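Copied over from TrEMBL:
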COMPBIAS  153-163  compositional bias 'Pro residues'
BINDING   197, 239, 263, 305, 385, 386, 387, 488, 494, 517, 518  ATP binding site
BINDING   514, 518  Mg(2+) binding site
DOMAIN    540-784  domain 'P-type ATPase C-terminal'
TRANSMEM  575-592  transmembrane segment
TRANSMEM  604-624  transmembrane segment
TRANSMEM  654-676  transmembrane segment
TRANSMEM  682-700  transmembrane segment
TRANSMEM  712-735  transmembrane segment
COMPBIAS  914-931  compositional bias 'Low complexity'
Ligand SMILES: Nc1ncnc2c1ncn2[C@@H]1O[C@H](COP(=O)(O)OP(=O)(O)OP(=O)(O)O)[C@@H](O)[C@H]1O
Ligand SMILES: [Mg+2]
């Protein structure tokens, strides 16, 4: 699933894990503070009045709709509307569970309990072992109806059940008995796979139509005019993403006729309505349809998820006929699914529209920030949702995937040719050159994204875009757009889109979703992330990573992703290095023995060099090292682009690393050789000196690579030479009196430790071997201006300011910063020329002034970890800042990223200013000079 849709899926758990029923409602008006009408046939005549309470009032009125009285058609529709809301779903009433469990206070618990409760119910439905015993609240007529429910095998009854005529006295006469549970108890007890369904059942309950109990064979509802009424369940046609609807076949308790209750997406229900009869002048079907469409549009534009509710009454012959087909379909071994779908299709036709509902689907806390951060990190975010377009666009705006003023390219097409034409026209308009598919994949750099353009398409258009004749152009277009929103997508389309991006663009893909409809997409993507929420655990079970909240994705990618990449890159480089050093130490000895293959290092040491003596250091780097703090990485998503561009492991890093290894082995070997020259040093004693210097050099190299020291780092790096080498070798030399022929090490190192020719190389070789690396490191740290280098400098300066060291131990700039109150902001603002911007001036701090081509704006942030790091200049529309405006900022953190036209501020010179106000004046002067 897409990020935005995940967010939308989680409205109920929002607000600090509190499940707040009042956050959503089908009717919205009273509860959500939204003045939205509910579209029903009953409300059709009075659509301009507030229908929310009107509907509930109408249901509860003394002369309101009742099953035991003859009511008007309009009243019956109102009753059916609420019955669909209450019954057409897979909601289980787990009233006996403690509220804390059933209310799903914790996401994980709720997901598990939802899953298990719903699964239990589904098992019951499919097994149908025994018809339920008539309970006390069952009215006599309902009891007859219940017993008339089909047998477990769903075999069509040879004779239709006795028609049940509802007799007035069979239902409780007079005032109906009150509902046995309170609204609060019931709403807490509803456990649903889908949060929308739970919202609908709760809304129906609050309006007066209460689902009290559900088992495999029947549903017990409470109605204001009738009390408890049991509806025998004949068949449940579960929701699936291809049909986009769900139906329940029940017996109407009033007439005992089969009655199909359906709810689903507008596109899945409105096409299946019974055509209106022009001869029937009483029918207001057209009017209801018109109003329902109008209301749904209002709901969608308000960002609500809409559903259409419909009903169909069948007669016994129709039902028996259908049941025969359905039973045959169920018994098929091959093509069972298709046959069942055909049977469902046949029944779910000729529907009568009852109305529509809108469920508010709020974004999780932090969702918008997360999407914004991912986009800032250079990650292309595509939203693939089953929602309708209007709702998805609203959600896109809410999560800041779409921005105001953006050009929305809305693709509607009925054929691949039409889709191809539209796409190619837009490509021409955007001035994008055509490229064949293989070139797109082989391309090194991604094209620049146009911030002002977003692409929106629905499932039908997407199907044509996935056609192989159109897909290449579609991808070219999609790449140009800052966001892509695919609506009304099926699970298979979601997977196909991910597969297309992965294969054709050669990109690493991450799919995140929370529902069963996201499973195939999650499995197709390179990295699958499941959100455990109200929609069950399927997504989590299929995913590589599981999160409880969408906002945790930011930390997963920007912090842990970044760390992981950096650690693995440096660990791999180190592993190549140490193997090369070891092999080369053996190789140099071959120059002295005519390449005979004789080695100067004992067998045990050869094995242990890699296995124990130099293995802990890279492991600790690979697991624990952190070159940038989590705060800096979270505050500066743009740092993620370094990882995306593989900056820590470029081909030249590898070759330089190997060259360095060759150099170090050369130094280690020949320094030991010079020490042993013209002495009585034996081959194994010389070997000990080489191994020892090699271990110390490799560990010192490792120490240079460490970015964040911890106790484990110290243990690994001190333990490797002291314990894994010296202690081990001494013990082996003392113990091994006559072993390991021919290199019996007995007393060799113990004797060597007493000689200067052993110790001198131990000191000299590491220093000489590591000097080039140290010099290059120092040079690069001083001169590099890329994002990571800037962040590292900021981090170390902040650390030195926080440090409790005496001032004379700090560098002059750190001492100045500490005097100025810390950080790199405040009075001391430094303007320095940035290497990659022509004529740009950069200063560290928290506020930024960013300008391109004469337009300039201000961006401020109070986060002290936020750096003015920008890979691309950005344009902030607005007039250039005046000196006064800049000076006004002097009381706050201030920094500049000012782009001139080659002259003016910065202008290739390094400018140092004393105070923010003088920096402001300089900038303003620069502005005048350059814009
Ligand atoms: N339980 C349900 N009963 C009837 N119709 C449903 C049900 N759940 C969803 N729908 C309808 O089917 C459409 C598609 O549902 P689907 O689950 O594929 O995607 P979604 O829930 O809208 O979005 P997402 O992709 O974010 O999960 C929904 O927009 C809704 O109109
Ligand atoms: Mg869904």
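Each residue, glycine too, has its Cβ placed from N, Cα and C.
Keep in mind it's a predicted model, so treat the numbers as computed, not measured.
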Query = Which bits of the chain, at least 6 residues beyond where the transmembrane segment (682-700) starts or stops, bring a Cβ under 8 A of a Cβ in it?
reply = 577-578, 581-582, 585, 599-602, 605, 609, 613-614, 617, 664-665, 667-669, 671-673, 675-676, 717, 720-721, 724-726, 729, 743, 745, 748-749, 751-752, 757-758, 761-762, 765-766, 769-770
Chain residues in Cβ proximity to the transmembrane segment (604-624) (below 8 Å; excluding those fewer than six residues from its ends, i.e. six or more beyond) = 567-568, 570-571, 574-575, 578-579, 582, 586, 687-688, 691, 694-695, 698-699, 702-703, 705-706, 708, 710, 712-713, 715-717, 719-721, 724-725, 728-729, 732, 740, 745
Query = Non-local Cβ contacts of residue 263 (ATP binding site) (under 8 Å, 6 or more apart, same chain)?
reply = 84, 85, 88, 89, 200, 245, 246, 247, 269, 307, 308, 309, 310, 357
Request  = Could you measure the widest C-alpha to C-alpha distance across 197, 239, 263, 305, 385, 386, 387, 488, 494, 517, 518, the residues recorded as binding ATP, and give it to a whole number of angstrom?
outcome  = 23
Query = Looking only at 385, 387, 494, 514, the binding-site residues on record, which one has the least crowded Cβ, with the fewest other Cβ atoms within 10 Å?
reply = 387
Remark   = Filtered by Cβ under 8 Å and at least 6 apart in sequence, the residues in the chain of residue 197 (ATP binding site) near it are 89, 90, 91
Task = Of 385, 514, 518, the binding-site residues listed, which put a C-beta under 6 Å from ligand 1? Please answer none if none do.
result = 385
Message = Just to verify a number: CA distance, residue 387 (ATP binding site) to residue 514 (Mg(2+) binding site), in angstrom, no decimals.
response = 14
Message = Can you tell me whether DSSP puts residue 494 (ATP binding site) in helix, strand or coil?
response = helix
Remark   = Around the Cβ of residue 518 (ATP binding site), other Cβ atoms found within 10 Å total 33
Residue 263 (ATP binding site): secondary structure state under DSSP, collapsed to three categories = strand
Ask   = For the domain 'P-type ATPase C-terminal' (540-784), what is the mean per-residue pLDDT, to the nearest integer?
value = 92
Query = Could you state the CA-to-CA distance between residue 494 (ATP binding site) and residue 514 (Mg(2+) binding site) to the nearest Å?
reply = 13
Message = For residue 518 (ATP binding site), which of the three DSSP-derived states applies: helix, strand, or coil?
response = helix
Ask   = C-alpha of residue 514 (Mg(2+) binding site) to C-alpha of residue 385 (ATP binding site): distance in Å?
value = 11
